[in-house]
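Data first, discussion second: the structure below is written as structure tokens.
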Amino acid sequence: MDRMFGGAVRADSRRGEGAVPYNTRRSVEEDSWTEVERKELDHATSFVSDSMYLVMESPAGALYMGETVHFKVHALCDQSTLGSVAGVSGKNKVAKDEDDDVMHGTLFLTSYRLLFRSFHHQEEELVEVHLHNIAELAEFRVNGKLGPMSQLEVSCKNFELIKFNFPGEAVSGDAYVKISQILMNKLQPAAYVFARQPDTSGWAAYDPQAEFTRLGFKAPKSGTQIGGFRIAHVNNNYKMSPSYPSAFVVPASVSDGELRKISFFRARGRVPAVTYRHKNDAVVARCAQPLVGLRRKRCTSDEAYMVALRRECKGKLLFIDCRSQTSAYGNIALGGGFEVLDYYKDTNIMFMGIENIHSMRDSVRKLFDLIKNEIRGNERPNWLSCLESTRWLEHVRSILVSCSVCVTKLVEGTSLVIHCSDGWDRTAQIAALVKLCADPFYRTIKGFQVLVEQEWCAFGHQFRARSGHTDTQAAYWEDDSTSPVFIQFVDAVWQLMRQFPCSFEFSERYLIALLDEVYSKRSGTFLHDCEEARMGSKTVIRCTSAWTLLEAHPQAVDFRNPFFMVPLSGEGSKEKSPTVLQCKWHTSSLAIWSSFYLRSLESNDSRVYKVPFCSLLLCWQTRVI
């Protein structure tokens, strides 16, 4: 490898140089850029490259309004890494040339994407890589069928890996530096730049009042605040908790004044909020850790809240701390901690042992490097041992174990109060998975949209920070705020789909397309870290939602599961599509999600997990009968 962008340093092995910080290496003068206006592209559609290879075409028809071209060069796209999902972000699947390993065409660097257009002049032969999605760049010297070439390897956050070959040794260096320079600068989200008249219909996917009614929360009697639940608007100006939604459900007997007192006792003002009611009246609530500290502080308003919650649910109350007990004790020294049960009568607490975002980032990077080497042809005979060493499936297992415990308790009539440290990472994972398993509504396409909008977007999961879309100069893998929290959640959903192939209305292709939207920044849904930022930037009226884009996706026909069965009444375990899902969490029941993580392997089609034929046959027979 000659150079690499995406880590802390780059190295040039050809010149014998050691690892040198990026800003001390090669630079590009401003006048060496090729800035092309949209109107110029309409008239001057081609020119001959310096290397005198094929004519270079204009991508004018494929550009967004306002998107500009900074650089273009003749290139050969390595088809072996395109897999079955290349070009998935808004374009059709790439048509491969079976007689060659590469496609000849033009690589364009725009203000938002890398675009590769084949010389076959067909729209389906357009490969696009969103700049926000790039995790690493690497430059190599390779020997191709046309002689020595330079190669640019683009590794993406969504596990896509695409290779571009260039005749000559200098061309990839120019592309490398210019792409790196753009990545080092602030990238403007395409959702704002290119959406002149956005389709805002998708923003109606989640309505707090409608969800309150659907779940059958009992409202207090008219003129009183006794009994039942209510939608609190105490945070309508986002001052109590900037990372919380403006409206959330609480016991009706808990006043706004008491909620404000509790906000000083819970980390970042994230007070307990009820997000789900099961048909047995048990509920799921979420919050952040209590600020107990070394002095074992208490908050009578917080204690009264739990009494009110237990009274309304007429059952036991269980605190679910997503952290390990050791980690929770460690937070006490920092002013945090967990509930002191002496102050909360008739309650209990369980520690789930899910590791923090830094452990998850380290794990996914090991998985990323393992798969990247596999794609490069460095196949390891001890692949399974290497996969185990990444600990990725171990982490997914810990999430599923927590989900299984919580679902069992919920079905038994125990209400759950779930939290971790800040209440926006592990808390979101467990709360969302519990609801997914407990309520078949969330396993429909519409319900899954509500689930993501509520538990992830409204309650402040930091999509911008976790996806590496902040303004920091740190490389993706070196940024302490990045972590694959949402990928882990979707992976866990996929594991459930394997176990219950007839219980989900959507397919795994839908999940993959959803993750692609998270990292592309084409929609407004995943642009920000909280509702306050979303409303402050007027995202709802300026941007199209991810749900609208998914509905219009070229592969949307494949987003529905043809074997989906609406659950029958009751909770019989012998049903093919049970109402409540009791997931299997043993390591032997888990698998690597090949369709996503190995998506860039040429042999990906043979590795994609296929639902066992016998399971699908049983589903079909049940439906016919």
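Any Cβ shown, glycine's included, is placed from N, Cα and C.
Small disclaimer: the values here were computed from a predicted structure and weren't measured.
Residues annotated as domain 'Myotubularin phosphatase' in TrEMBL: 202-597. The substrate binding site feature in TrEMBL is assigned to Asn356, Ile357, Cys420, Ser421, Asp422, Gly423, Trp424, Asp425, Arg426. The annotation active site, phosphocysteine intermediate is assigned in TrEMBL to Cys420.
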Item checked: Chain-mates of Asn356, Ile357, Cys420, Ser421, Asp422, Gly423, Trp424, Asp425, Arg426 with C-beta within 8 Å of site centroid, substrate -> Cys322, Thr427
Next item on the list: Between any two of Asn356, Ile357, Cys420, Ser421, Asp422, Gly423, Trp424, Asp425, Arg426, the residues recorded as binding substrate, what is the biggest Cα to Cα distance in Å?
Entry: 12
Note to self: Tell me which of the binding-site residues Asn356, Asp422 sits in the most Cβ-dense spot, judged by other Cβ atoms within 10 Å.
What the structure shows: Asp422
Item checked: List of residues, in chain order, with Cβ under 8 A from that of Cys420 (substrate binding site) and at least 6 apart -> Ala288, Gln289, Asp321, Cys322, Arg323, Ile354, Arg426, Thr427
Next item on the list: Have a look around Arg426 (substrate binding site) and count the other CB atoms within 10 A of its CB, chains all included.
Entry: 29
Check: In sequence order, what residues of the same chain, 6+ apart, have a Cβ less than 8 Å from the Cβ of Trp424 (substrate binding site)?
Finding: Ser243, Arg270, Phe459, Gly460, His461, Gln462
Next item on the list: Tell me, roughly as an integer, the mean pLDDT over the domain 'Myotubularin phosphatase' (202-597).
Entry: 94
Note to self: Can you tell me whether DSSP puts Asp422 (substrate binding site) in helix, strand or coil?
What the structure shows: coil
